């Protein structure tokens with residue numbers, strides 16, 4: 001029977017334009033885990049500017065119809081409890097799910113207030129055997145964290161003029177350590193603020209480059225452009241930035257390029273929902 005089923009499946013019409021269904025009652029939940037301060041024993045610096053990222057993302061996701069839930073500086077045990085509660089709740093009437101981490105990172109981990117958590121532990125809670133109501137639906141993880149010990153050396157076209165900030169107190173900082181690109185499974189989309197092995201930049205007033213530009217693109221094209229195409233625009237926007245003011249002189253002039261790993265199987269559009 002398995003061979004017969006496979007034979008008939010191979011004969012099905014393949015539609016390259018097929019989209020995820022976004023006509024459920026709810027858009028879905030968007031979790032934002034925001035970490036500004038850390039337990040002193042971790043010796044991690046404060047992430048000044050991260051609250052601007054949190055607020056910016058809250059506005060953008062709310063505009064797209066998501067139920068946004070923000071959590072600040074949770075301990076690892078608290079964070080795991082929150083995300084387990086969401087993974088075991090019903091998403092049957094939801095279009096999709098989003099989870100955002102604004103923190104420091106290292107290897108295949110991100111940091112909560114007092115300890116690091118393996119990313120695959122988090123994504124694993126939303127795989128089909130653990131969260132059946134999200135089977136076949138987009139599961140988007142956005143990770144704003146540093147991913148290495150290198151800066152991207154700029155090679156700038158002669159006719160390009162880089163943006164200069166007017167406020168000297170809006171200093172650029174980097175998020176500590178590194179995060180690896182991780183596979184998660186079908187219908188997952190892993191979005192990273194920077195390519196593996198490089199620094200992720202964050203302004204102390206305006207927030208991180210990646211989240212600033214992601215939110216700008218969501219505001220302009222969030223309900224009209226296919227989401228991975230929108231992420232490509234974000235890559236372009238961030239890559240056009242450079243560090244102008246930083247306490248580390250070696251960082252001046254350096255650049256950044258985000259990346260995303262898509263395991264989506266259809267096109268993803270956040271089509272506007274009918275007014276209630």
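Each Cβ is built from the backbone N, Cα and C atoms, and glycine gets one as well.
Remember, it's a predicted structure, so these values are computed and weren't measured experimentally.
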Among 90-107, 108-125, 126-143, where does Swiss-Prot put the label region '130's region'? 108-125
Going by what Swiss-Prot says, which of 62, 200, 224 is noted as phosphoserine? 62
Overall pLDDT of the region '130's region' (108-125), taken as the mean: 93
May I ask you to report the DSSP-based helix, strand or coil state of residue 62 (phosphoserine)? helix
Per DSSP, to which secondary structure element type does residue 259 (S-palmitoyl cysteine) belong, with helix, strand and coil as the options? strand
Find, for the listed modified residues 62, 239, the residue with the lowest Cβ contact count at a 10 Å cut-off, counting only other Cβ atoms. 62
